[in-house]
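So the structure is just underneath, and the comments pick up after that.
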Amino acid sequence: MTGGNAIRGTRVGSGPMGESERGESAPRHRVSYWCANNHESRPSFALDAEEPESWDCPRCGLPAGRDQAAPPAPPRNEPYKTHLAYVKERRSDADGEAILAEALAKLRAQREGDF
Ligand SMILES: [Zn+2]
């Protein structure tokens, strides 16, 4: 039974402060990001990974940047578009396409007439 004790001993003895036990053997570093609401998020990245320019704030979802003094501007805010607004928009899109197609057809017809 001395063999079992020896294995156990080396396992406990390995790693300072037991850090290896928490699975943080891969070197990582934390990067701070700030969103427009001044929320700080600190995701960690592997040391050899390139940290992204921006990070989505986990609290409010706005893009967050590395520079606390100049966080990225929030995306254009069209927050609660109603269903009706969507329908109108889509319909006017369709109308626009129809008008365009019609205009092109007329244009072609005119050109053909000119020649
Ligand atoms: Zn935020």
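Cβ coordinates are placed from backbone N, Cα and C, and glycine is handled just like the others.
Record features, source TrEMBL:
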{"type": "BINDING", "residues": "Cys35, His39, Cys57, Cys60", "note": "Zn(2+) binding site"}
{"type": "REGION", "residues": "1-28", "note": "region 'Disordered'"}
{"type": "REGION", "residues": "60-79", "note": "region 'Disordered'"}
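Apart from Cys35, His39, Cys57, Cys60, the residues listed for Zn(2+), the same chain places the Cβ atoms of Trp34, Ala36, Asn37, Asn38, Ser41, Pro58, Arg59, Gly61, Leu62, Ala64 within 8 Å of the centroid of those Cβ atoms.
In this structure, of the binding-site residues Cys35, Cys60, the smallest number of CB atoms within 10 A of the CB marks Cys60.
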